[in-house]
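Feature list (source: TrEMBL):
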REGION    A:1-29  region 'Disordered'
DOMAIN    A:49-162  domain 'PurM-like N-terminal'
BINDING   A:51, A:67, A:98  Mg(2+) 4 binding site
BINDING   A:51, A:98, A:242  Mg(2+) 3 binding site
BINDING   A:68, A:69, A:146  Mg(2+) 1 binding site
BINDING   A:69, A:98  Mg(2+) 2 binding site
BINDING   A:76, A:295, A:346  substrate binding site
BINDING   A:145, A:146, A:244  ATP binding site
BINDING   A:245  Mg(2+) 5 binding site
């Protein structure tokens with residue numbers, strides 16, 4: 001039931017959806033049913049299409065995991081920088097990273113799409129295709145969703161996952177002194193990609209160079225390594241999170257919640273050749289990308305065992321003494337024993 | 001990582017959030033961490049606060065259910081008509097109704113909040129309180145969420161539920177000729193409440209009369225009956241949905257997907273005294289509220305057994321012959337064998 005007639009949202013008249021609006025009808029022209037049909041065609045699932053989705057039975061002794069993230073046009077993506085397909089990839093990747101960071105594996109995805117009335121339905125289909133393609137390697141489908149009219153394009157994705165067996169989840173409060181800090185995946189590449197987009201001003205202006213194209217792609221469509229979270233849990237890791245807000249910031253959460261100090265190894269974090277190459281172009285310090293850049297969705301964890309396959313050691317967990325108990329530890333993450341050069345990361349508000 | 005500096009959304013300058021902005025800081029003034037803290041204080045949960053929420057173990061032989069719905073300010077609610085608390089109630093109710101309509105019970109709620117930067121954080125807390133209070137009678141908590149800045153206030157809620165035991169879910173394609181059509185709850189009250197708000201122009205202008213106040217409340221904060229979906233499944237019902245888009249429209253989905261005709265009993269649907277009372281004021285036909293009004297989230301189902309406790313018979317399922325197979329059945333829902341007086345319902349786009 002509409003609250004009032006005639007309040008249907010319309011897109012910002014200046015928005016051309018990054019040139020993706022070239023042809024095809026808009027969501028308001030084809031209506032709700034046809035838009036949902038387009039999504040289901042782009043991201044097929046047998047269990048989608050009733051009041052709610054009924055998922056496959058969970059393994060015995062399992063617990064569900066759930067997380068949700070929102071991507072707002074102009075805030076978290078720009079359609080002149082990212083393709084709609086990449087927006088779908090990003091939405092799934094950041095949610096699945098959170099599922100992985102608990103040591104689990106994803107089992108289902110739902111999408112709530114708030115779309116301006118003049119949004120071409122092809123963009124909706126491409127977002128759904130990106131979601132479907134990113135979820136597929138995990139055996140996961142887009143099982144449900146909602147589509148509404150709004151002034152701004154907003155993609156809210158919820159992921160459900162499973163933690164099989166009785167072992168504990170990998171929480172941010174489980175780092176203990178003596179544990180190694182480990183990481184699986186690149187750090188700083190998403191931030192470098194963003195800096196390149198800002199430097200060149202548009203996606204098209206980024207030179208056709210594999211290093212630069214890869215960094216930009218890392219920003220627009222972060223890539224996860226399938227199953228790496230479950231591997232970490234099976235290998236007995238203690239704490240886990242992912243690099244979403246920035247390396248120092250995310251590890252600060254782990255340190256504070258675990259009441260420990262985390263000392264990172266500068267040598268292990270040294271920016272790689274790709275980052276130095278990009279930094280020479282943009283004039284940035286690649287260390288800033290490594291320390292405060294987020295959105296790589298690289299898994300960061302701690303362990304008192306050998307690092308699991310694919311993880312490398314980047315630091316160690318130390319005793320905080322009584323400092324955390326009295327709230328004295330403003331900066332519980334250090335690099336080679338010193339306060340990091342760059343700390344601040346992403347803040348949504 | 002912000003895409004660009006300075007793109008933080010700001011609310012429509014003409015919006016005063018329905019007078020709820022009288023005091024207190026805005027979400028951008030207190031920032032992301034404090035806003036999340038305010039939500040967690042208003043809707044406490046032990047499992048909220050890590051990368052993702054780990055839920056309690058599911059019962060043996062159970063399957064998960066998942067659904068999501070979005071409420072957009074100005075589209076699905078108005079803050080000068082609904083309190084923020086009621087918006088939270090409505091967001092949970094419409095999702096839990098979908099879980100109930102599969103015959104399940106909800107187990108967790110997640111909220112993605114897109115908020116203008118100038119939104120008073122008190123509104124966010126009140127929405128969270130409404131979510132928490134509505135979920136509580138089901139033993140359900142707000143287990144996770146996300147908060148971002150956008151131009152428009154948008155509340156996207158995802159509900160997870162469980163279907164215990166091997167019995168099938170109550171799907172929309174399971175109505176069979178000879179089954180009775182049953183309903184549990186009021187029909188048309190939400191539409192009447194909306195009509196009253198439109199008639200009086202503001203919430204405050206609605207007379208302090210229990211009938212009118214109750215109808216308006218039914219629109220702003222639909223009430224579910226706890227456990228009624230599980231009762232229906234335990235009692236062997238066949239199909240189930242909820243009255244969200246309009247009685248005829250929702251039952252048309254059941255009829256089409258089940259390839260049957262549904263004939264409703266006009267006498268069983270006769271508008272009640274409250275609806276006639278309100279219709280005399282607004283000048284509407286109360287039959288329109290009953291037949292095309294949605295958002296009561298009353299459960300509608302079919303059964304070949306005695307109606308379960310709390311359900312009443314409102315019609316019967318009939319054989320469609322070959323009509324549906326050839327796409328000939330444009331209007332598969334009738335009232336006393338005739339085409340309904342009012343058909344159209346809510347369309348989101």
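Cβ atoms are placed via backbone N, Cα and C, with glycine included.
In this structure, of the binding-site residues A:51, A:98, A:242, A:245, A:295, the smallest number of CB atoms within 10 A of the CB marks A:245. The maximum pairwise C-alpha distance among A:145, A:146, A:244, the residues recorded as binding ATP, is 26 Å. Taking only the Cα positions, the spacing between residue A:98 (Mg(2+) 4 binding site) and residue A:145 (ATP binding site) is 20 angstrom. Taken residue by residue with DSSP, residue A:98 (Mg(2+) 4 binding site) is part of a helix. Following the DSSP three-state reduction, the secondary structure of residue A:51 (Mg(2+) 4 binding site) is coil. Ranking the binding-site residues A:51, A:67, A:146 by the distance of their Cα atoms from the Cα of residue A:295 (substrate binding site) places A:67 first.
Among the binding-site residues listed here, namely A:51, A:67, A:242, A:51 has its C-alpha nearest to that of residue A:145 (ATP binding site). By the criterion of other Cβ atoms within 10 Å of the residue's own Cβ, the least surrounded of the binding-site residues A:67, A:68, A:244 is A:244. The secondary structure of residue A:76 (substrate binding site), as reduced to three states from DSSP, is coil rather than helix or strand.
Around residue A:69 (Mg(2+) 1 binding site), taking its Cβ as the centre, 25 other Cβ atoms fall within 10 Å, counting all chains. Across the residues of the domain 'PurM-like N-terminal' (A:49-162), the predicted structure has a mean pLDDT of 96. A separation of roughly 14 Å, to the nearest angstrom, links the Cα atoms of residue A:242 (Mg(2+) 3 binding site) and residue A:68 (Mg(2+) 1 binding site). Neighbours of residue A:145 (ATP binding site), defined as other CB atoms within 10 A of its CB across all chains, total 26.
Looking at residue A:244 (ATP binding site) and residue A:69 (Mg(2+) 1 binding site), their Cα atoms lie 11 Å from each other. Of the candidate binding-site residues, A:68, A:69, A:76, A:146, A:245, the one lying closest to residue A:51 (Mg(2+) 4 binding site) when CA atoms are compared is A:146.
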